[in-house]
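Enquirer: Pasting the relevant annotations from Swiss-Prot:
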BINDING   231, 232, 233, 285, 385  L-serine binding site
BINDING   262, 263, 264, 349, 350, 351, 352  ATP binding site
């Protein structure tokens with residue numbers, strides 16, 4: 001959530017930033033509503049002060065035996081009580097109206113973010129590896145998996161409907177190995193703390209991560225009003241919800257392996273075949289909680305951590321900085337890492353690393369105190385995929401496929417595969 005004080009002081013910057021995201025101006029409406037709310041608060045404060053002074057005047061009038069004055073002031077106090085009663089309702093309504101609008105406004109892109117309407121304006125900043133060449137036409141992952149008889153979409157559909165997959169045998173082991181490998185890299189070598197999390201969270205937790213109210217249609221909700229997590233970012237970033245930290249405790253770096261659940265309401269007709277876009281998938285997530293001064297440094301570090309996973313797996317990838325029209329709601333800068341998929345003949349997103357500034361910290365009321373400074377500051381938060389396991393499995397199948405349909409296991413994963421170096425039918 002944005003700071004209304006910043007909006008009052010920078011209305012043009014707000015509207016320019018929103019325009020770069022393809023969103024209509026909001027500054028005038030927000031400032032008018034905020035002015036009405038603040039003016040009303042002043043009226044309430046004046047009424048409360050008058051009520052307090054009236055009590056003193058009543059005591060003085062009683063002492064002087066001036067009953068007429070007592071009755072007049074008592075009548076005035078009753079009017080003030082009536083006003084304050086209705087004023088509380090109005091103040092609540094104004095505050096809720098302001099917060100409703102603020103909660104629907106995305107974060108402000110940093111100046112270093114390229115301006116553009118969509119992914120066409122994204123900028124590639126680096127490559128790793130060279131896409132492999134084959135002496136045969138490379139297959140897509142779903143053909144490879146089904147030919148191996150270890151990837152079954154028909155059974156998954158019978159169990160759960162569209163956009164689910166059943167893996168078996170060595171492919172199921174490969175999926176598990178990827179999660180263990182990624183966690184080991186991030187925890188043992190990158191300094192993240194491993195966290196085991198609930199998969200069901202409450203409204204305020206999803207709101208704190210800036211996924212409510214805007215993305216409610218993309219989420220699954222249980223009958224008791226809780227939400228299945230769409231990413232481990234949601235509970236991880238909220239580990240500091242409502243807390244006051246000390247600067248010396250930061251950064252906090254968390255990593256977690258969880259299933260993720262998404263309705264994919266906005267993806268109708270896209271990637272309908274295979275595992276690229278599923279209602280349920282595994283992902284290793286990274287979250288950092290840090291200070292304003294360190295947040296951009298942390299973004300570069302987090303992105304390098306995600307890239308390191310793909311480098312160890314020797315998968316070709318490129319890293320792009322997203323444009324203002326393509327970046328996520330809570331982000332003020334995002335790097336996407338896109339892995340090469342020979343079967344599709346293109347790069348596809350496998351990780352997204354974002355810095356959110358104090359956007360989530362403000363929603364969560366998560367703050368920190370600096371040495372010698374009594375002022376509390378909202379924490380800055382970052383999140384990144386480290387990486388999406390299903391998409392990494394897809395990349396391994398397509399990049400390591402052989403002419404006979406078998407799959408070579410990357411060397412980094414073989415210790416997790418109990419001696420399996422090649423997957424065959």
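Glycine is treated like the rest: Cβ placed from N, Cα and C.
Just tell me what is around each of these and how deep it sits.
Expert: Residue 232 (L-serine binding site) falls within neither a helix nor a strand when secondary structure is assigned with DSSP, and so counts as coil.
Counting every protein chain shown, the Cβ of residue 263 (ATP binding site) has 17 other Cβ atoms within 10 Å.
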Enquirer: Tell me the Cβ neighbour count for residue 285 (L-serine binding site), meaning other Cβ atoms within 10 Å of its Cβ, over all protein chains shown.
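Expert: I get 29 for this one.
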Enquirer: Using a 10 Å cut-off, grab the number of neighbouring Cβ atoms around the Cβ of residue 349 (ATP binding site), all chains included.
Expert: 17
Enquirer: What kind of secondary structure is residue 349 (ATP binding site) part of, going by DSSP in three states?
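Expert: In the DSSP reduction, residue 349 (ATP binding site) maps to strand.
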Enquirer: Looking only at C-alpha atoms, tell me how far residue 352 (ATP binding site) is from residue 385 (L-serine binding site), rounded to the nearest Å.
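Expert: A Cα-Cα distance of 6 Å.
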